[in-house]
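Here the structure comes first, spelled out in structure tokens, and everything after it is commentary.
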């Protein structure tokens, strides 16, 4: 499997290197779908210029990245293109290794449940075989490296690529069963963009399963392990934040980064749901609705944790998708990360209801983004309503896609235990309806 992975990496690097040298690089870096006020490269360059002049990069209202990012590029600014290509490759390799290990766990669990007669007798066609699972890690790497969204983020030098790398290493550490590294990378991801805090729950559930600790609130071992993992996470986060303070000798980065993410003061158009709504909002009501919009990312974590406590990796996939849809400043790079996981769930394809239509919606919306932007900003023959309409359609498409996978996952799990051929008490064929 190493040779195909190397080939995919070489193709991906070649495509990125060619685009860096083309005239498209400047056009892509200016696209609002690819760069946001949080992760745009030109804002990082502005922050570096202020740092070189001995001025705090957070003294203005331009730079909103974390101190570790600005100090990273303070030393590597000459090799920025190489850094972004390496981060994409590292993300793909981390996801490849994580899914490789996950498939082994799935196969062992599946084998155990078959031996214990936990599956219905007529569900042989739903069981995943080693042959079917063999190429899934490669497909995941391929879906990430050659996804146009990922390529554009890399070419635009959006720091979203670095966030994705940190999350990928967090996923790898979690699936490998390393609580310490999982907590450290989760703390780094939270430090970078705040919203990965919600990934604490699926990581904890997976690690509890690895340790064979029952997920029961009355269990002492459950609470002990939860407190240990939470302590590792919080200590790592405190250390990273204190390191940032020592680098800058100031706490200015906290309101400039996290305050900016939560209060959404910059209403530059993007592929998210916030900008248009708050541009039209009376100032008096904005705080209330900012809270309502921000709660969306965190609101679904507990219900999902209850429903998917036995399936933490699928829970993680859904949660990453929710973050990419409902965060305040999303870009296509965020979408690319959860889309890389779609090959992992290819066994759900038979239960998906609208996959073709939703795929077409997402592709058409991606093509219409620059068209409607041109009509609004340059041609003057459209207005912000047109651009927001396509943004709204894109996000509805993503929500329906994730919902479709969620429905398909629950349906397959039900069939595994109750059988494919459901009957009513009177012997007639029954139809499965999930409410």
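Quick reminder: no glycine exception, Cβ is built from N, Cα and C everywhere.
Annotated features in TrEMBL:
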type	residues	note
SIGNAL	1-17	signal peptide
TRANSMEM	68-99	transmembrane segment
TRANSMEM	166-187	transmembrane segment
TRANSMEM	193-209	transmembrane segment
TRANSMEM	230-251	transmembrane segment
TRANSMEM	257-278	transmembrane segment
TRANSMEM	285-306	transmembrane segment
TRANSMEM	351-373	transmembrane segment
TRANSMEM	385-407	transmembrane segment
- Looking only at residues six or more beyond either end of the transmembrane segment (351-373), which have a C-beta under 8 A from one in the stretch? 31-33, 148-149, 269, 271, 332, 382, 386-387, 390-391, 393-394, 397-398, 400-401, 404-405, 407-408, 411-412
- Are there residues at least 6 beyond the ends of the transmembrane segment (193-209) whose Cβ is under 8 Å from a Cβ of it, and what are they? 38, 163, 167, 170, 174-175, 177, 179, 182, 186, 215, 222, 225-226, 229-230, 233, 258, 261-262, 297-298, 301-302, 304-305, 308-309, 312-313, 315-316, 319-320, 322-323, 327
- Message: Check for me, if you would, whether the transmembrane segment (230-251) reaches the transmembrane segment (68-99) - at least 3 Cβ pairs under 8 Å, residues 6 or more apart in sequence.
- Response: yes
- Interface-richest range of 68-99, 257-278, 285-306, 385-407 toward the transmembrane segment (166-187), CB pairs under 8 Å: 68-99
- Item | Surrounding residues of the transmembrane segment (385-407) on its own chain - C-beta under 8 Å, 6+ positions past either end | 269-273, 275-276, 317-318, 321-322, 324-325, 335, 342, 345, 348, 351-355, 358, 361-362, 365-366, 368-369, 372-373, 375-376, 434
